[in-house]
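Annotation comment: Swiss-Prot describes 105-118, 538-552, 608-659, 679-689 as compositional bias 'Basic and acidic residues'. The annotation compositional bias 'Low complexity' is assigned in Swiss-Prot to 458-478. Look at Swiss-Prot and you will find 560-569 tagged as compositional bias 'Polar residues'. Under the heading compositional bias 'Pro residues', Swiss-Prot lists 574-583. As annotated by Swiss-Prot, compositional bias 'Basic residues' applies to 690-704, 714-749. Taken from Swiss-Prot, the feature region 'Dry CEEERYL' covers 8-124. Annotated region 'Disordered' per Swiss-Prot: 105-149, 256-310, 458-498, 537-592, 608-749, in sequence order. The repeat 'SURP motif 1' feature in Swiss-Prot is assigned to 166-209. Sequence annotations record features per position, and here Swiss-Prot assigns repeat 'SURP motif 2' to 391-431.
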Amino acid sequence: MPCNCFKSNVHVQEYKDLLVFGYASTIFPNDYQSEHIAEERHTVPCLGDPENRVDRYDCRLLLPSIDVAIKRNGSPSEQCPTEAMEEDMCEEERYLDMYKDIQREQEKEEEEKRRNDQRNAIGFDYGTGKVKARESDSEDEPFEPPEGIKFPVGLELPSNMKLHHIIEKTASFIVANGTQMEIVIKAKQRNNAEQFGFLEFDHRLNPFYKYLQKLIREKKYIPDLNKRPKKLTKTSRASTSKPAISSSLAAIAAAHGSDSEDSDSDYELHPSLLSGGAKRPVTPEKPGAIGPRKKPVEPEKPPDFTLKPVGDISQRNDVYAALFKNLAHVTRQAAGVEEVKMNVEEAKKEKENDHLDDPEYREWYENFYGRPCPWIGPRPMIPATPDLEPILNSYAEHVAQRGLEAEASLAAREDLQLHFMEPKSPYYSYYHHKVRMHQWRMYQPIEQNLSPLVLNSPAPPSAVSSPGPSSLMSLNLSTPEPPLNRRQRRRLLDSSRLDESITEPGVIDPITMLQIPKSVSTPANLDILKTPISFSLRNDEPRDESSFRFDPDLDETAGPSDTTANFSDISGLFPPPTPPVIPPSTQMQVDRKEKARIFMEKLLQEKKAKKLQEEEERSKLEEETRKKAEKISESLSERKNTGRSDRREEAPKGARSLDEIINNRINSLLSESGFEPVEEMKRTDEDRERKRHRKRSRSRRRSRSCSPRDRSREHKKSRKSGRHHRSRSRSSSRDRHRRNRSRSRDRRR
């Protein structure tokens with residue numbers, strides 16, 4: 001009974017937070033629906049078979065025929081090796097996470113075991129193997145000097161190899177990075193004096209450290225930092241305990257294909273459950289098999305055996321060492337000559353291999369620059385960066401339209417910094433490619449409109465040497481080129497203004513467009529051009545607005561019209577091509593930019609004019625004030641010189657008269673406002689003090705001459721007179737205040 005109570009309490013505690021609630025519902029039979037289902041009126045015939053009726057949502061209704069569902073192929077299908085391999089790969093990918101999780105858990109268990117049983121772990125042994133004695137650790141190994149180095153007598157050496165490795169590594173680091181790093185290491189390792197105490201000057205190993213540092217700096221000793229001290233690792237322990245494994249365990253491991261020979265875990269999974277445990281047999285693949293193929297197994301290369309000398313022969317003092325030292329200089333000279341020859345040959349090969357052999361490029365270079373090409377072809381093309389691409393494209397188009405002189409004028413301007421026009425630039429070949437591309441686009445419509453006579457005649461050199469679509473469409477030109485910013489457009493306009501003298505705008509000569517070679521230009525070969533050529537100049541015709549306007553500052557209405565030529569009488573020559581046309585939107589943008597520039601210049605000029613006007617006004621005011629000051633100073637100096645004596649006499653009177661006028665004016669204002677003048681009050685106070693002083697002096701004189709009774713009488717009289725005087729002064733001040741108040745009231749009214 002108590003057990004049941006305990007169990008019930010436990011269940012109550014488990015489901016204490018669980019809450020179940022619901023609502024009451026009324027269930028009633030649906031006679032119509034039940035009758036409908038009982039009579040199977042909700043079913044439909046399956047694929048036209050009235051006897052076989054199914055629900056209208058049955059999936060068998062989707063089949064074209066019922067025979068497809070009934071028909072079954074009893075014969076097993078042949079298994080293809082590629083399909084089997086695909087299935088194995090799918091299975092491996094399907095359960096890859098499970099295998100990885102198992103491996104992760106196994107690694108965690110091994111780490112926990114290693115931590116808990118690190119000191120007490122003893123490998124299992126059947127007693128058949130030989131137990132080797134444990135090797136001494138490298139930390140306790142005594143110091144052994146490196147091969148080929150003799151330390152001076154009296155130099156104190158480190159006690160073990162561990163300390164020697166620390167000193168060696170520190171010395172090589174200081175030699176490589178400078179002596180300042182020694183201060184940094186000393187500051188960081190100030191608490192580790194046991195290992196880095198040799199950095200102190202008074203330490204016993206500091207001379208050894210300095211001597212080792214000197215050897216490394218002079219390259220007499222090169223330490224092998226990759227060489228690690230010998231430590232007793234798990235692999236070495238496992239190798240020592242390999243003979244202790246019995247033959248039965250080796251047979252079991254070989255049968256199951258286990259790869260872990262030195263595993264100490266007793267709780268491993270069966271090898272068949274591991275991902276890499278079971279090795280599949282290697283089956284030869286068929287040559288016509290379709291599907292994934294296995295990676296071919298590469299044969300292992302045998303290790304390279306290199307024989308190293310036991311010691312440095314140059315450090316010996318015998319006969320062979322002397323012979324070696326004498327022959328070392330000769331061998332070094334021969335090796336140096338061979339290295340120089342090899343370097344020269346490699347440089348020549350690199351220069352030859354750097355440029356690609358392209359005869360079309362050489363022909364175009366010779367026709368464009370007028371000199372033979374110094375290379376066999378262009379360098380490998382490196383596309384420009386996104387920020388350089390629009391600038392390079394715009395200048396390449398400008399050079400393609402204007403020619404070599406435009407390129408020379410642009411390259412001479414250092415403010416533009418057009419480094420891609422230099423042959424040393426990595427984008428030089430890409431720049432030439434863009435120039436050829438724009439030339440080909442320019443001459444393509446001309447070639448399409450040529451007459452048969454002109455097509456039979458030799459073509460212009462630029463058209464012949466211009467690249468065709470086969471050689472120029474290697475790059476993706478479908479993407480639109482980004483527009484130029486304000487600074488780039490301004491630079492392009494400035495460069496076009498500088499080059500206006502090169503080609504006159506609006507004048508097109510068909511003979512120069514054809515560029516007849518010298519062999520054709522002789523009089524004997526010019527039978528085609530015997531017919532007369534008539535030219536007509538039209539000055540009254542309006543200028544064609546669709547043509548490209550090179551200078552936006554020119555007025556469209558002013559100036560004579562362009563020179564035109566009538567080629568109606570020429571037989572065999574095509575009409576002159578139209579000038580390059582730019583869209584109206586671009587022309588409007590250029591006009592707006594020019595108007596904005598003119599407007600900004602006007603604003604700047606107005607500001608400058610205002611500043612100049614303000615400066616002039618300031619200078620005028622300064623001049624006037626300076627002149628007034630000079631006049632005043634002159635008048636004062638004259639007065640001082642002429643009437644210095646008269647001024648001394650009249651100055652106090654004039655000053656007194658001015659002071660009296662000012663004081664009277666102030667007193668009148670104060671009296672009008674209802675206040676007593678300050679000066680009058682001061683004067684009355686002074687007068688009173690004087691009177692009192694006089695009375696006291698008189699009373700003293702009398703007291704000296706009179707008796708004590710007379711003195712008392714005089715004292716009483718003076719008291720009475722003082723009281724009377726005070727009462728009179730009070731009454732007079734009251735009357736004065738009343739008068740002032742009445743005056744102020746009258747003024748307000």
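Cβ from N, Cα, C; glycine included.
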Request  = Report the mean pLDDT of the predicted model across the repeat 'SURP motif 1' (166-209), rounded to a whole number.
outcome  = 89
Note = Taking DSSP helix as H, G and I and strand as E and B, the compositional bias 'Basic residues' (690-704) has 15 helix, 0 strand, 0 coil
DSSP-derived helix, strand and coil totals, residue by residue, for the repeat 'SURP motif 1' (166-209) = 32 helix, 0 strand, 12 coil
